[in-house]
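Asks: One structure coming up, written as structure tokens, with questions to follow.
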Amino acid sequence: MRTSPLPIDTVLRPSQEVAEALAQGAPVVALESTIISHGLPQPRNLEVAVELEEIVRAQGAVPATIAVLDGVARIGLDAAELKRIATEPGLRKLGYRDLPAAAALKASGATTVSATSFLAARAGVRVFATGGLGGVHRQWSDSQDESADLDTLSRTRITVVCAGVKSILDVPATLQRLETRGVTVTGFRTDEFPGFYLHTSGERIDWRIETPQEAAAVMRAQDAFGGPETALIVANPVPPQEQLDPDLHDRVLAEALAAAEREKVTGQAITPFLLDYLVRGTDGASLEANLAAVRGNTRLAGQIAASWSKES
Ligand code: PSU
Ligand code: MN
């Protein structure tokens, strides 16, 4: 005889503050943890994790940083838990598919966009801020490396505020996949898809929104239609004055891609490898652009969550 499923609270647990906010319909913003553990160098990563939570609070919303700790997916971390994510050696990087194994084996790990989106939606959090999404890698036809972020966003009702997709990727191919998979893409005060470290990737997008209220209106329309639970991407470019110098970007990225090929870096390791190469190869300038993007996205996500909770 088959045993009945475990109750969800054995694998997924919101903090008390997040649970109360959700019960009251107050605004909540999900934040991912892979950017902290694998995307940013120490010790800046912990400072950033704390700062992003403060930015969410300044918009009148409750931050919910998401990670798996000792086999439980946690929605909202306290200061000691954030520190664990930022400093624990060898912390895993968990995508959506890794969650059941991590839960059963009582493992700990930081969650990527795919795992964070899934867990946020499961917990009832609708708005999520990150830096840049994963997507289709260059030379996809050899590696078949397409981030699981895209698959999760094609079947998860979440609003992701991001500075586009990481510029280490094949951006046109990623936009094409998002179209095929039915993910709604909007530009916040822009007609061009942002380029993560760069203000623009040069790719056109079809829908432009001007205010957080318009983003919330798109979300209400998604729910009015019902149907497949797809995501909404709000692409928010880093301001031109805070972007990485485009020539420096292109030069160091070419070096980084060549190094990854030489050193045969593949799979989960490639994204952290390339991001780290860029930080070192630009003397930290890519890090500043990355942080400017994440801060702006977090602020806008707070505003969208506030608008969404007011009107729904
Ligand atoms: N954005 C950043 N830094 C990061 C990431 C995104 O500014 O480190 C992470 C996200 O967690 C994203 C992941 O989901 O990189 C994509 O990894 P992969 O290409 O292995 O799917
Ligand atoms: Mn990948």
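Numbering starts at 1 and runs along the chain as it is shown here.
Cβ coordinates come from backbone N, Cα and C, glycine included.
No curator has checked TrEMBL annotations; they are predicted automatically.
If you look up TrEMBL, you'll see Glu32 marked as active site, proton donor. Residues annotated as substrate binding site in TrEMBL: Lys93, Val113, Ser147, Ala148, Asp149. Feature annotation from TrEMBL assigns Mn(2+) binding site to Asp145. Sequence annotations record features per position, and here TrEMBL assigns active site, nucleophile to Lys166.
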Asks: What residue among the recorded positions Lys93, Lys166 has the most other CB atoms lying within 10 A of its CB?
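Replies: Its Cβ has the most other Cβ atoms within 10 Å: Lys166.
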Asks: Applying a 10 Å Cβ distance cut-off over all chains shown, what neighbour count does Glu32 (active site, proton donor) have?
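Replies: That number is 28.
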Asks: Taking a cut-off of under 6 Å between Cβ and any atom of ligand 2, tell me which of the recorded positions Glu32, Lys93, Asp145, Ala148 pass.
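Replies: Only Asp145 meet the Cβ criterion.
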Asks: If the substrate site is taken as the center of the Cβ atoms of Lys93, Val113, Ser147, Ala148, Asp149, which further residues of that chain fall within 8 Å of it by their Cβ?
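Replies: Everything else in range on the chain: Thr34, Gly95, Tyr96, Thr112, Ser114, Ala115, Leu133, Gly134, Thr152.
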Asks: Using Cα-Cα distances with a 10 Å cut-off, which of the recorded positions Lys93, Val113, Asp145, Ser147, Asp149, Lys166 are near Glu32 (active site, proton donor)?
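Replies: For Glu32 (active site, proton donor), the recorded positions whose Cα atoms are within 10 Å come to Val113.
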Asks: Output: those recorded positions from Glu32, Lys93, Asp145, Ser147 whose CB lies less than 6 Å from an atom of ligand 1, in sequence order; none if no residue fits.
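Replies: Close enough to ligand 1 are Glu32, Ser147.
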Asks: State the Cα to Cα distance, in Å, between Lys93 (substrate binding site) and Asp145 (Mn(2+) binding site), rounded to an integer.
Replies: 16
Asks: Give the number of CB atoms, excluding that of Asp149 (substrate binding site) itself, located within 10 Å of its CB.
Replies: 26
Asks: Could you round the CA separation between Val113 (substrate binding site) and the residue listed as 'active site, nucleophile' to a whole angstrom and send it over?
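Replies: On Cα coordinates alone, these residues lie 12 Å apart.
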Asks: Between the binding-site residues Val113, Ala148, whose Cβ has more other Cβ atoms within 10 Å than any of the rest?
Replies: Val113
Asks: State the count of C-beta atoms found within 10 angstroms of the C-beta of the residue listed as 'Mn(2+) binding site', not counting that atom itself.
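Replies: I count 18 other Cβ atoms within 10 Å of it.
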Asks: How many neighbouring Cβ atoms, not counting its own, are there within 10 Å of the Cβ of Ser147 (substrate binding site)?
Replies: 23
Asks: Report, in whole Å, the straight Cα-to-Cα distance of Lys166 (active site, nucleophile) from Asp149 (substrate binding site).
Replies: 12
Asks: Let me know the DSSP-derived helix, strand or coil state of Lys93 (substrate binding site), please.
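Replies: Going by the DSSP assignment, Lys93 (substrate binding site) falls within a strand, counted as strand.
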